[in-house]
Amino acid sequence: MMNEKKRMREEIAARLAALSKEARDAGSRRIAAKLYETEAWKQARTIGITISIDQEVDTYEIIRTAWKEGKRVAVPKCDRRTRTMTFRSIRDLSQLEIVYMNLREPIPSVTEAVDPAELDLLIVPGVAFTKTGGRLGYGGGYYDRFLAEYQGITAALAFSAQLMPAVPTEPHDQSVDLVLTEQ
Ligand SMILES: Nc1nc2c(c(=O)[nH]1)N(C=O)[C@@H](CNc1ccc(C(=O)N[C@@H](CCC(=O)O)C(=O)O)cc1)CN2
Ligand SMILES: Nc1ncnc2c1ncn2[C@@H]1O[C@H](COP(=O)(O)OP(=O)(O)OP(=O)(O)O)[C@@H](O)[C@H]1O
């Protein structure tokens, strides 16, 4: 199972590496536009979202749009010891710091924790997805743990290159409600 997951992560990484910066930027814009049309986005007062890196769908523009629309934006802070996450609200990007692996996280001393129950919409990152919400993550288990308790709406933003007919799943794997792609 771990090898199956590893192989799929490598395959998707290669597919994403083959996309041009232009294709990624255009794809990200279309995905964001689709997100804004969802009822979940329109209704959400507080959203949980990651700070995108590398080959991920861009979330910076989505975060700026959320702020413009008066939404509260909460981003994850990981605890590597317990492999759990806490969401903390940010008002601007200066409240972020790079902690490890190029990942930006909220600076605890200048941000406040947000109760998971207050997240109306959670944007979930991942490597591969199925159209119906099956999800393969990066292997940290952070979102599988978080989603096991989380009750709100979840959506994933993915390039169509990240869609697979099926993803390897174990009992702890959590799916998402909605997968939005550029297509
Ligand atoms: N942009 C973005 N932010 C995100 C995520 C994401 O997928 N994308 N995450 C999605 O979950 C969380 C961070 N995920 C992480 C996953 C693994 C490790 C990690 O430390 N893994 C190994 C080393 C990695 C390796 O095997 O090479 C370790 O524990 O040392 C850390 C964070 C929260 N923030
Ligand atoms: N709810 C949970 N409770 C305890 N351990 C868990 C839970 N969810 C996942 N794990 C553990 O986390 C590790 C990573 O799981 P997996 O490879 O499925 O992560 P992933 O779905 O790729 O990661 P993520 O959810 O962070 O994106 C595994 O060792 C798994 O057993």
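Just so you know, glycine gets a Cβ as well, placed from its N, Cα and C.
As annotated by TrEMBL, ATP binding site applies to Lys5, Lys6, Arg7, Met8, Arg9, Arg135, Leu136, Gly137, Tyr138, Gly139, Gly140, Gly141, Tyr142, Tyr143. Remark: Arg7 (ATP binding site) has no non-local neighbours by Cβ distance under 8 Å and separation of at least 6 in sequence. DSSP assigns Arg7 (ATP binding site) to a helical segment in the three-state reduction.
According to TrEMBL, the feature substrate binding site maps to Ile51, Glu56. Around Ile51 (substrate binding site), taking its Cβ as the centre, 19 other Cβ atoms fall within 10 Å, counting all chains. In this structure, Ile51 (substrate binding site) belongs to neither helix nor strand by DSSP; it is coil.
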Those binding-site residues in Lys5, Arg7, Arg9, Leu136, Tyr138 whose CB falls under 6 A of ligand 1, listed in sequence order: Tyr138
Largest tally of Cβ atoms lying within 10 Å of a Cβ, found at which of the binding-site residues Tyr138, Tyr142: Tyr142
